[in-house]
Structures are given as structure tokens and as C-alpha cells.
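Student: A single structure is presented below for examination.
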Amino acid sequence: MSLVHWILILNLWILKATSLQAGSRVVLREIGHNIVGGSYPKDYAVELNATNFDAVLKDTPATYAIVEFFAHWLHHYENVAKLFNGPNAVHPGIVLMTRVDCALKINSKLCDKFSVSHYPMLFWGPPTKFSAGWSSNQAKSKLHVIDDGRTAERLLNWINKQIGSSYGLEDEKFENEHLSSNISDPGQIARAVYDVEEATATAFDIILEHKMIKSETRAPLIKFLQLLVAHHPSRRCRKGSAEVLVNFDDLCPLDMWSSDKHDVDTSNMIGVLRNFHICGKDVPRGYWV
């Protein structure tokens with residue numbers, strides 16, 4: 001290619017770049033699209049800022065959240081975020097991966113609220129605990145600084161240690177429509193049981209949430225629990241149902257609704273039943289296989 005052609009191409013790039021906001025991530029993404037073998041990594045982490053920070057973390061159904069405080073010219077953890085975030089996540093409903101760009105003026109106070117001292121600085125904890133911020137002298141804070149997140153692989157290993165999992169960066173999502181119809185396939189059976197566990201725990205939560213345990217529903221509920229103990233395909237659900245059934249007469253005596261304080265008794269009963277994890281403490285998980 002002649003020197004004239006190279007000059008023309010360079011001029012076109014300059015015109016395209018100057019039409020975008022200087023220093024924006026869009027420019028970096030456009031350049032990366034042509035330099036790094038075809039495409040720039042897709043954004044999987046949820047972008048937070050001073051205006052949506054509390055609302056997003058409050059509303060997420062995820063059990064844990066990671067907030068990465070960074071500057072936009074530095075490394076991100078998209079390979080980890082794609083495992084947990086978005087409609088095609090491999091392991092959804094467990095960890096919400098987010099980030100805050102401290103190079104933006106709008107986020108200055110937010111980054112100060114977390115005593116951000118270097119980039120990237122990553123925090124781990126229950127999503128609802130992030131609203132209070134963090135400082136190094138908070139002894140009882142529910143938030144933890146991730147001390148080993150130099151690479152995506154090391155960050156995922158750190159997460160695995162926290163939640164007792166064994167996730168890998170190459171994990172792939174199960175797709176029901178691609179499953180074999182062979183009912184003797186152990187993998188297909190395991191995934192079916194996985195969903196039945198989710199459905200059972202969700203049904204139990206709905207029963208408690210809507211206060212469906214009443215004098216007229218007590219007997220049918222006992223029969224339902226007996227059915228689960230005898231025939232549920234999941235050993236964990238059979239065990240959890242048996243635990244509820246064994247304690248049911250103490251929690252829900254026949255004369256409970258005849259007393260003047262039955263509303264208080266019902267509330268107490270439901271509060272105690274919430275502590276029974278009918279299919280184990282990690283179910284429901286918040287997603288289906």
C-alpha cells in the first residue's frame with residue numbers, strides 16, 4: 001500500500017476520533033475493534049455512578065455484589081462478569097458484578113466514600129451493605145476489600161473460596177432446548193433435579209410470604225410435606241421437608257387459631273419456618289437450568 005493510502009486512512013481515523021468525546025471509552029472501543037483481532041470485549045459489568053449506585057445495589061436479587069472502583073484506561077474483569085451478569089449468564093443470581101469509574105468527576109465523592117486509594121480497588125459484600133460506604137478503620141464492616149484480584153482468573157478463584165464454588169472462566173451455560181431426550185443421561189437428570197429443587201424452595205417461600213398456613217390449610221400442607229419426604233427426587237429436599245414435618249406440631253399446633261393472639265402466633269410461626277431451608281441453605285438460587 002502506498003504512502004498516500006496510509007495518509008488517507010490516518011486522516012479518516014483522526015476525523016472519526018475527533019467526532020467523539022475525547023478520552024471516552026467509545027474511542028478506545030472503536031480503536032480496539034480494529035487492533036485486537038476483530039472485537040473489543042463486550043461490557044458485562046453493570047456501570048454504576050453517583051446517581052444510580054444505591055438503587056441498583058438495593059434492587060438486585062443477587063446474594064453478593066462486587067464493586068470495582070477503576071479508571072477507564074485500566075483493566076476490567078469482563079471474563080468474570082459474563083459468568084454472573086446478564087440474560088446469558090452462566091451462573092446468574094449469585095454475584096452482581098459492577099464498577100464505578102473514578103476518573104469521572106460525577107463519581108469523585110462516591111469514590112471518596114469508599115476511601116479508594118488505588119485502581120482497580122474491588123469490594124465484596126451483600127449488595128444492601130454498600131450504601132454506607134467503607135473506610136479502613138471499620139472493624140465490623142460487612143464489606144471486604146478483595147486482596148487478590150490482579151487477574152480475572154485470580155479474582156474468580158477468590159470468589160470461589162468465599163462461596164465454596166468451583167467456577168471456571170470457560171464455564172458454559174446449560175441450554176434446555178439442546179438437551180438430549182434420553183432420560184438415562186445422568187447430566188440431564190441432574191439438571192432436571194436442580195430445577196425441581198428451585199421450584200420446591202420457591203413454592204415454600206410463596207406459602208410463607210402470602211401467609212397461606214391457616215387452620216383450613218394445615219392438614220393439606222402436612223400431606224404435601226409427607227409427599228415431599230416420600231417422593232421428592234432431591235435428597236436435600238426430602239431431608240429439609242422431613243425437618244419441617246417433624247417440628248410442625250410444635251410450630252403450628254391445632255389450637256393456634258382459637259387463641260385471641262393467633263395473629264401474633266402466626267407471625268412467630270412464619271418467622272421460625274423461614275429459618276428452615278427446605279432444600280438446603282443455597283436454594284432457591286434465583287435462576288433455572
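A Cβ is built for glycine as well, from the same backbone N, Cα and C atoms used for every other residue.
Predicted automatically and left uncurated, TrEMBL annotations should be read as such.
According to TrEMBL, the domain 'Thioredoxin' annotation covers 46-126. The signal peptide annotation in TrEMBL covers 1-19.
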Student: The domain 'Thioredoxin' (46-126): mean pLDDT?
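Tutor: Overall, the domain 'Thioredoxin' (46-126) comes to a mean pLDDT of 91.
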Student: Would you list the DSSP helix, strand and coil counts for the residues of the domain 'Thioredoxin' (46-126)?
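Tutor: Counting residues per DSSP class in the domain 'Thioredoxin' (46-126), I get 23 helix, 22 strand, 36 coil.
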